[in-house]
């Protein structure tokens, strides 16, 4: 699940036997506290600053859909901090302009805001022309615009299905193809990045439209990685696990009921932060990753492998119970 949000780390050092609550998130539908059930999180503290050199994107242009909030805003902030001239797009121009001004005032680099509904191919066409006019052909293209909600599939309407697939699959295709054609015409390469989800590969109940659309996005990017490398373009994918944002959690966990369950199935013992994902995104879009093409990077603290293992729930077995189990196993004769 791409659940992205603004992170706030205020952990207090304690003895290993009593890590105590650590506040990681102060924004969202519900404040999350790390519990004593996940003391291992102290070994996996998030690094919230950019890892690349400050000039890694100097002279480069980055285009980010869904760039006004959440993960899109975080990636834009990191790219701008590292020298890129950024162009952000979404439907809400007021939010975009506020984000552009906020980031530009911090980094000193230009951030342009363009209103675009990625579901509308004509609007995407005009947006790409404006992008090229104000900033030039992009070196980085991040398809981050998304939509999702939870629902039993038998309750879905055609409009519910269409709402998600139009944004996620069709919108990504319109943006990618429109920019790609312009780049081919200009004989210019670029790094494309798609933000999907860990269940794009496995499928998931109750988010069937999103799962289907994200799976299509991954197939599209892998196909273009094979086809358009000859034009200097490469395509990679990040599958985020649970990362908290107000926008995502308000639709996927509106009561805050499932946060602890999420942490319980993440071996690293905490949710991810948007800064960590922004670091991964900037690396994949940088020249340092010029030989990475067609890759799918799972970014979930180990959640997927935990859920895949038949016996991983045995972590709840106590030492005393293991002593009993071992004794019973040793007494077993034959096959």
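Note that Cβ sites are derived from N, Cα and C of the backbone, with glycine treated the same way.
The secondary structure of residue 199 (active site, proton acceptor), as reduced to three states from DSSP, is helical. The active site, proton acceptor annotation in Swiss-Prot covers 199, and the record cites sequence analysis as its basis.
In the three-state DSSP scheme, residue 243 (NADP(+) binding site) is classed as strand. Taken from Swiss-Prot, the feature NADP(+) binding site applies to 66, 67, 68, 69, 70, 71, 91, 117, 214, 240, 241, 242, 243, supported by similarity to another entry.
When other Cβ atoms within 10 Å of the Cβ of residue 149 (substrate binding site) are tallied across all protein chains shown, the result is 16. What Swiss-Prot lists as substrate binding site is 91, 119, 149, 251.
When secondary structure is read from DSSP and collapsed to three states, residue 42 (N6-acetyllysine) falls in the helix class. Annotated N6-acetyllysine per Swiss-Prot: 42 (among others), in sequence order, evidence recorded as a large-scale study or a structure entry.
Within the same chain, residues at least 6 positions away in sequence whose Cβ sits under 8 Å from that of residue 49 (N6-succinyllysine) are 275. The annotation N6-succinyllysine is assigned in Swiss-Prot to 49 (among others).
What Swiss-Prot records for 49 (among others) is N6-acetyllysine, and it gives a large-scale study or a structure entry as the kind of evidence.
Marked as phosphothreonine by Swiss-Prot: 69. Using a 10 Å radius centred on the Cβ of residue 69 (phosphothreonine) and all shown protein chains, the other Cβ atoms total 21.
Swiss-Prot lists 73 (among others) with the feature N6-succinyllysine, giving a large-scale study or a structure entry as the kind of evidence. Take the CB of residue 73 (N6-succinyllysine) and look out to 10 A: across all protein chains shown you find 26 other CB atoms.
As annotated by Swiss-Prot, N6-acetyllysine applies to 97 (among others), with the evidence given as a large-scale study or a structure entry. Cβ environment of residue 97 (N6-acetyllysine): 113 lie under 8 Å away, each six or more residues apart in the same chain.
Sequence annotations record features per position, and here Swiss-Prot assigns N6-succinyllysine to 97 (among others).
Marked as N6-succinyllysine by Swiss-Prot: 106 (among others). If you take the C-beta of residue 106 (N6-succinyllysine) and look for same-chain residues 6 or more apart in sequence within under 8 angstroms, you find 77, 80, 81.
Per Swiss-Prot, the feature N6-acetyllysine maps to 106 (among others).
As annotated by Swiss-Prot, N6-succinyllysine applies to 244 (among others), with the evidence given as a large-scale study or a structure entry.
Swiss-Prot lists 260 (among others) with the feature N6-acetyllysine. In the three-state DSSP classification, residue 260 (N6-acetyllysine) falls within a helix. In this view, residue 260 (N6-acetyllysine) is surrounded by 13 other Cβ atoms within 10 Å of its Cβ, with every protein chain counted.
Among the features that Swiss-Prot reports, N6-acetyllysine is placed at 315 (among others), with the record citing a large-scale study or a structure entry. The C-beta environment of residue 315 (N6-acetyllysine), restricted to residues of the same chain at least 6 apart in sequence and closer than 8 Å, is empty. Residue 315 (N6-acetyllysine) falls within a helix when secondary structure is assigned with DSSP.
Annotation comment: Swiss-Prot describes 1-34 as transit peptide.
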>> Spatially, which candidate from the recorded positions 42, 119, 260 is nearest to residue 214 (NADP(+) binding site), comparing Cα atoms?
In response: 119
> Cβ distance under 8 Å to residue 119 (substrate binding site), same chain, sequence separation 6 or more: which residues?
Replying inline: 166, 167, 170, 171, 174
>> I'd like to confirm something. Which of the recorded positions, 42, 149, 199, 244, 260, has a Cα closest to the Cα of residue 68 (NADP(+) binding site)?
In response: 244
> Going by C-alpha distance, which of the recorded positions 42, 149, 199, 244, 260 is nearest to residue 70 (NADP(+) binding site)?
Replying inline: 244
